[in-house]
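Presented below is the structure to which this report refers.
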């Protein structure tokens, strides 16, 4: 089925939903991309904030290390005691302590673990003995520590996204914190060392005065770059408080740097000026402290800018989502209004047509305007008026003619002379009546044909012009019009109003067409009780059947389901099965309604009967519908079955052949008898026997025991009935006319759907081994012992009406999947609860979780075998009395049997017994410990 027919099947709300989804999908994808992009930018800025916080603390460590190195090199190179050395050491310690929490928070994100550990290790060495060794060694140790700190600064800049900042203001502020100020501090620190001659000779770049001039040039360039970059940040920022916040510290820092450059420039160029005076040292240290204050002001300002960027992104994100939602609501409201403006008139016309078809001739539709739908509505009103006029005129004429006929009859009794004239008058009246009906037939069909013609024309034009939304509703109008035409033909064609035999009108039709017609008819009734209607299964292909009666039967089941279900779900399942080379159609109607009690199922298909009197009072109905529907299906060669539980719902199944053969007036399936007990139904027994006397005996015997009995007179018929009815037990005669009973038994056991149904063989000879080898559950010999028959059938058709008497649990401990599944399925079908375990260890866990009433145990298993399981089981006081049946294929030794004697109630060895003996032992043990009847 293509896309276009699938869309045509949708109702207007479903089409609107589809269009909404097509609109919503690209909107949701676009909005998702936008929100995701904004989230990426938010996380980008948050990582920058983390890097800025880390750099703020790291720059303090860096500056403190530079100042402490200066004091330490003075002590090492000049051999003097430096009073400020402990103070600078304490400053480094304080700065490191402030950096450690940030390292714990951001170290993994910024990938600083390795470098931070190296810095801490290097500082630990210097802190313990910073005056150890020569001046060259001390210089190298400090230089290594400072190089690691500069590398850590670069790493933070790389992995915190700071070097990738997209905005000019925050980028140049980052440049000051990350690059310019640390670089200026390094230059000023080297100027101090070179000025005082504290740089070892191998690390001097040139003669002292020459290098001093070089470093001053670098400092001057750094100063100018910093000033220019900050000015750019002031110019391009939207934060008006940035310049007032940074300008004072910037100006003070630039003044200190200019003063330092001037003093050191004078010292470097004046030949008689003493290099290394305290005045120059103070100027350099003041400039370094000024850089630290500028950095401490710039870093929080940078964090403020980044936080403002995050807030703006979040506001934009919120606006995007809100705008999208408003757009969606506006589109939804517009679509709803448009849908109602189109579907409203069509739905009104459809409802009016259905009411007219149901006999409400006073119905009218509101039809204004010149649209095609409005013109169809006007034609409908005209047709309805003609129908009303014709009906009134016909009733008047019939009344008049009836009165005239009565007068004529009385006149004939009074005067026999006028009998011929009276008869002639009556015949004339009848002729006039026929002529009138013929004329009225034409007058009524004319406007109705106009409706059908307009609907067909509009449907074709809608498909040609691409108005696919209108085609399904126009098709419904056309279908309803044809139904109304058929109704009018039946009413007006008086010659067809006569009694006759019921016949099948076979025709070939598409299953999908029938299902769609039924769905369209039943959906309003389903919706009346707030139910949901679901159709599933394969509706392809055609049927050769009686469309009218099959549709009537299905509508009957669906209307019953809708009537007895409120606020629930009604499901129509379509399935095809091949039974003995014949294709059968299964139509299952399942509801979640009130359900049917077990004792009421026997009366369900009886004429003029319902479940009970309260059902009739509450829901109405004659009780004839199900009986007629079942007779229709049996005429077609099928049947209707039912399964139900009170308060859980019901399932009615129609089974009919897809191809009805007209030469078979009564199919074999219809010939089968179906006897239902008056009381509660304990189960269903299928009797396959071609002897009428035996069959009748079995029916009467079993029905008195509360069993539903279905009979079949041949093997092929029995196989077909078994697949349709799914009985609890099958009794099978060995000597059938059309087939050997053993062949039928083999066919039953070869069918996966029927293999688990117990079969009781009826035979003249004692052929137990043959029956058991083919899968028979038990046997009876003819003449049938009625008591044994009831005992065997009761063994397999037990019911547990008392919900408080729950069957005990049987634990199956078996490592072979196939054997375990067979045992569990056998016990489940017999009515017991089963649990399973794949080895002894899992079996002990299952016993601990829920104590079973009986255990079936295999001996050879992985992890913990059966012997170990029994030892563990019997060592537990609470478990030691649980009965155990050992089922094994193991060849047991004398020692094994001795071990099992004290722990297992019975050992059943696979293959070591005759089948009859094995079945007897299993039944005896299971009946003793589970109190629920036989195992097999």
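If you go along the chain as it appears here, the first residue is 1 and each next one adds 1.
Cβ atoms are placed via backbone N, Cα and C, with glycine included.
Curation plays no part in TrEMBL annotations; they are all automatic predictions.
Taken from TrEMBL as is:
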- 405-432: coiled coil (COILED)
- 340-392: domain 'HAMP' (DOMAIN)
- 439-660: domain 'Histidine kinase' (DOMAIN)
- 684-797: domain 'Response regulatory' (DOMAIN)
- 809-925: domain 'Response regulatory' (DOMAIN)
- 733: 4-aspartylphosphate (MOD_RES)
- 858: 4-aspartylphosphate (MOD_RES)
Alpha-carbon spacing, residue 733 (4-aspartylphosphate) to residue 858 (4-aspartylphosphate), which is rounded to whole Å: 37
Number of other Cβ atoms within 10 Å of the Cβ of residue 733 (4-aspartylphosphate) across all protein chains: 23
Three-state composition of the domain 'HAMP' (340-392), taking helix and strand from DSSP: 39 helix, 0 strand, 14 coil
Three-class DSSP secondary structure - residue 733 (4-aspartylphosphate): strand
Residue 858 (4-aspartylphosphate) - helix vs strand vs coil (DSSP): coil
